Amino acid sequence: MVVLAILLPILFGLLLLLGLPRALGVLGAGLSFLMNLYLFLTHPGGVAHGVQAPLLPGAGVYWAFALDGLSALFFLTIGLTVFLGALVAKVEGRFLGLALLMSGLLLGLFAARDLLVFYLFFEAALIPALLMLLFYGGERRLRAIYTFLLFTLAGSLPMLAAILAVKALGGSPTFLLEDLLAHPVKGQAAFWVFLGFALAFAIKTPLFPVHAWLPLFHQENHPSGLADALGTLYKVGVFAFFRFAIPLAPEGFYELQGLLLFLAAISALYGAWVAFSAKDFKTLLAYAGVSHMGVAALGVFSGTPEGALGGLYLLAASGVYTGGLFLLAGRLYERLHTLEIGRYRGLAASAPGLAALALFLFLAMVGLPGLSGFPGELMTLLGAYKASPWLTAIAFLSVIAGAAYALTAFQKVFWEEGQREAEDLKGAEWPFAALTVAALVLMGVFPGFFIKGLQPLAEAFARILGGGA
């Protein structure tokens, strides 16, 4: 069934690219969300719904997909975010087709159990993202594409070398994750293998200083926010560190752990600082994403079960609230034809529904207890404190700064004097708002329900690093 869940949005995406009506894409996104929700709710624990078929059996490469507690959670958040975007984003059918195609490739990425197949989906998911930017982006879209490709190439080639090396040096018979985990790379070679992975995954987290591609990429994307929401879901670096890089070359990770913890903490604080001075919505959200991914990475790099669990949950939660904020920015752009924060002013009077939705999203972003951002943030900081109290203190400053930039932006847009008028929520925006708020509250009030499948994975991860029971 996991293969069907991957293929469903890809099929609908291809149909839309052939020119079929946009409504078909909304149907496809809805069906994909329902299937992913079913897979999450019925997931029995452990590795389930596994499918394996030979791709290049002589080279040890297999089409291998399965769901564990981590990938099942990401299936749910991807399905929800894409469905919400399909409901409200004012885009033509082919654009929505590219979005569905990208979502299917992301599902394949998160479910892949073969390292080389993971690499194929890791790279393939870029194609629809770049096409959305190329055909529907802003005036500086070519510069954004060139910058992104430059960074991607700088990470992808070392990553491919690391993938080939991890099998050859570890002695695994295949590229299947289970076989590779049974044959980790050791000695001096582990450092170079991990470094090859780390560069690619740091770029896709992104961590400072290899984050420079991200702000321009968001700024030049289509103003609807749909491509940006998908870009939020594609920040797979933290996931890939946890799933592949660290467990496959733990000795290499030990040598770089201090540096990675430092970069994660600096990313968290730097992103929050720049977001505070941002003049437009997309720049604010881009740097807020850098900050939040820095916190999530700090948890994983701590090597503790609490830190890893919190970082992964924060990663999933941020896909919902940051994706929701990008889509909200798209609704504001449709009404007022600007993304400059200072040009909105006092919208709460004419659009109280929009203001309420924005408040929920911003409060989730700042980690208000009871909303989705809080559990992951708390567990991350508690786990990271065990690894480095000082760097955790730096990351905690980013949480304080996050409250400052988020609430300041909300105040300027919805309560600032010099009132402008905007149409309130309408049509499909009401179910969009209801589903978004429901997700924010459920993930905040009942985190145990969502992380029950993550707990054994985080504990096993910590045991590999010697930090678990």
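Glycine too: its Cβ is placed from the backbone N, Cα and C atoms.
Taken straight from TrEMBL:
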- 61-88: transmembrane segment (TRANSMEM)
- 95-112: transmembrane segment (TRANSMEM)
- 112-399: domain 'NADH:quinone oxidoreductase/Mrp antiporter transmembrane' (DOMAIN)
- 118-136: transmembrane segment (TRANSMEM)
- 148-169: transmembrane segment (TRANSMEM)
- 189-214: transmembrane segment (TRANSMEM)
- 226-246: transmembrane segment (TRANSMEM)
- 258-277: transmembrane segment (TRANSMEM)
- 284-304: transmembrane segment (TRANSMEM)
- 310-330: transmembrane segment (TRANSMEM)
- 351-370: transmembrane segment (TRANSMEM)
- 390-410: transmembrane segment (TRANSMEM)
- 430-451: transmembrane segment (TRANSMEM)
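Residues 2-3, 5-6, 9, 25-26, 28-30, 32-37, 39-40, 43, 45-55, 96, 99-100, 103, 106-108, 110-114, 116-117, 174-177, 224-226, 229-230, 232-233, 239, 242-243, 312-313, 316-317, 319-320, 323-324, 327, 330-331, 428-429, 431-432, 435-436, 439, 450-457 of the same chain, all 6+ positions outside the transmembrane segment (61-88), place their C-beta atoms under 8 angstroms from a C-beta of that stretch. Using a Cβ-Cβ cut-off under 8 Å and counting only residues 6 or more beyond its ends in the same chain, the transmembrane segment (189-214) has close neighbours at 122, 144, 147-148, 150-152, 154-156, 158-159, 161-162, 165-166, 169, 234-238, 240-241, 244-246, 248-253, 255-256, 260, 263-264, 266-267, 270-271, 286, 289-290, 293-294, 297.
Contact count against the transmembrane segment (95-112) (Cβ pairs under 8 Å) is highest for 226-246, out of 226-246, 258-277, 284-304, 310-330, 351-370. Fewer than three CB pairs closer than 8 A are found between the transmembrane segment (390-410) and the transmembrane segment (310-330), and contact between the two stretches is not assigned (pairs 6 or more residues apart). Within its own chain, the transmembrane segment (226-246) has Cβ neighbours under 8 Å at 70, 74, 77-78, 81-82, 84-86, 89, 91, 95-96, 99, 102-103, 106, 109-110, 115, 118, 122, 125, 129, 132-133, 136, 177, 194, 197-198, 200-207, 217-218, 253, 282, 285, 289, 293, 296-297, 300-301, 303, 308, 311-312, 315, 318-319, 322-324, 326-327, 329-330, 461, 464-465, counting only residues six or more beyond its boundaries.
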